[in-house]
Amino acid sequence: MDFEQNEDINGVRFSWNVFPASRTDANKNVVPVGCLYTPLKEREDLAVAGYNPVVCGNINCKSVLNPYCEIDVRSNTWTCPICKTRNILPQHYANMTQETLPLELTNTTVEYITSVPVQVPPIFFFIVDTTAEEENLQALKESIITSLSLLPANALVGLITYDNVIQLHDLSSASIDKCNVFRGDREYQLAQLVEMLTGEKLNAAQAVNINAPTKVTPFSLNRFFLPLEQVEFKLTQLLENLKPDQWDVKSGFRPLRATGSALNIASLVLEGCYKNVAARIILFSSGPGTVGPGLVVSPELKDPLRSHHDIDSDSAKHYKKACKFYNQLAQKVADNGHTVDIFAGCYDQVGMSEMKRLTDSTGGVLLLTDAFSTAIFKQSYLRFFSKDEEGYLQMAFKGTLSVKTSSDLKLQGLIGHASAVKTKTEASNVSDSEIGIGGTSSWKMSSLSPRHTYAVFFEIVNPGASAEVMTDRPKLAYTQFITSYEHSSGTNRVRVTTVANQMLSFGNPAIASSFDQEAAAVLMARIAVDKAESDDGADVIRWIDRTLIKLCQKYADYNKNDPSSFRLSPQFSLYPQFTYYLRRSQFLSVFNNSPDETAFYRHIFTREDTTNSLIMIQPTLTSFSMEEEPQPVLLDSVSVKPNTILLLDTFFYILIYHGEQIAQWRKAGYQDDPQYADFKSLLEEPKLEAAELLIDRFPLPRFIDTEAGGSQARFLLSKLNPSDSYQSGAVAGSTIVLTDDVSLQNFMSHLQQVTVNGQT
């Protein structure tokens, strides 16, 4: 079964491609029935229909016409495979033949360009922290000014700058600089802000219709958002004239920085005039919030920033209060249909751990860099505005993902950058048991891109111990993903993907053969990361171990109490090592990482597809030598040899490691001697391959060039399986890794032992 082909066509990968026929049987499988779905996956041959989709008339279904529907040409009707309702086809579908079938009856994934145009262009609201040092602020200003040329000419733009006060800039005046100034230590409310900025009191009736488009006047709230083509010169001038915060910072104190208040004011201004309109709040922060709501740390330097240990031991003084503030703000921003992006440019933590819900529930970007002057920030920020072949931004707005299922399936939840859509009546295909964001069959993505991938989990409805599937035709479970969104071209679009999975009785060998161990590993990793947000890290590791043992007991071949007889079929053989590397990954092992770094790593992991997620779990290692062609090698200390160059890709950084002998030759300058042209080309090969990896990676990875004995070689050694550690003898020519971590060999040996002994 070609799992990757299905992903290329439909953007979906299931853990089990054949489903057990009952819930009891599915529970025995240990790994839940789930899939990784990339709604806007790029395809050259995507079927695009320039008309509205045909929708099922059942008000509780509303699924879309697809290739699995039964068509009755004589009566011009179609039967919905999801709910079995019979529907009348539109008149222009009459008299169709096998040769003239519409796109939606021949393609499992179709994109519809609907007839409803987008009313308001996207809004980009920049929030700039001016407490940055001069060099850092200068680099940031240059990046923002450059990015203006990448925005659509009709895009609306706004600007807030802040230190311990918040300045909301009015771009409507070309001759003078006007701005409204707010206190940074206060949490403003919507009615209060509207009255201050417009002079009008906001009553309940106005609050309901607050998003009604109004003409821009000198006193209207929407005067703060004007078309880029009108105000680009003014905005560029304002940015160029920005100076670092003029307030004196006393010795032993941090700058006063009202980040929480700035974000709150930005969300309120947008809510006041552009609720449920595509908008991005883009924050550039150069340090932690030290004043006002959402305060991360006090201004005094003697008060250190919280660590993981402080958070776990409940001794992080401001953490819970800040999290509560930002979580409530995130819910409000998501409800308004807006997105928050956070770009950090400083060596210190800025409070990403507290603010992560702002980006994770709105489809925003969280980027952690050392400074705004680094290549990582500059190039990642510009890639944020990357465009497709037609010149449109590769970002979609106001997305909604609805998942329709046939009566055999219910939805447990979704793990990804989204928020639940609140509905008046609960959909019939929603399970009582939740994984991730549950209790609904529709999720809201204020923003999404071709990279965004969501983990969706299902429950088999039939509770029977072993439901027999005894029919002439194979029993199929149908799932339809309907993604509605605003395309950056100004059109409303609907991407529909419909898939069918066979259901068989437990024990049928087709179920085991349908196991996609790569997708399963990523789905289980997403559950583990989701659990790690609220559970103790050691408990999450134990849960991972127990599920692996149970899966092996179910699907490995072995004789009881005989570890040497343990065998896993090819469909399962890589799964244990994925689990081993997941246990050691920065997503679960937070030792040596700050809370902000952990938030950043988990944010990126929960938005990427199967391939990129696996690179994060188990990095790839490629060996280059004079004797052999470049080849993948084990992520193991035995792969480190004096006469090879290694290329490590962890997704977050790309490292080139020169073995001891290679490093000596390089220092001696052999590559500059024409006699050693082969050696010169050997040094260039990994750089060329690294450049290939960097082409479309977001965010831009850190690039490390090191050698045996170099200080940065630790970045490689920390990722390797320590089969040669100080506790064991080293293989000749390999490297000893100084660690107390269990090696993969010992991990597998213990797994085999507990599996064959019947332990859990």
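Positions of Cβ are set from backbone N, Cα and C atoms, glycine also.
Database features, via Swiss-Prot:
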- Cys56, Cys61, Cys80, Cys83: Zn(2+) binding site (BINDING)
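Known features from Swiss-Prot, placed on the structure.
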{"residue": "Cys56", "record": "Zn(2+) binding site", "Cβ neighbours (10 Å)": "24"}
{"residue": "Cys61", "record": "Zn(2+) binding site", "Cβ neighbours (10 Å)": "20"}
{"residue": "Cys80", "record": "Zn(2+) binding site", "Cβ neighbours (10 Å)": "26"}
{"residue": "Cys83", "record": "Zn(2+) binding site", "Cβ neighbours (10 Å)": "20"}
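Apart from Cys56, Cys61, Cys80, Cys83, the residues listed for Zn(2+), the same chain places the Cβ atoms of Gly57, Asn58, Asn60, Lys62, Ser63, Ile82, Lys84, Thr85, Asn87, Lys404 within 8 Å of the centroid of those Cβ atoms. For the recorded site, Cys61 (Zn(2+) binding site), the DSSP three-state label reads coil.
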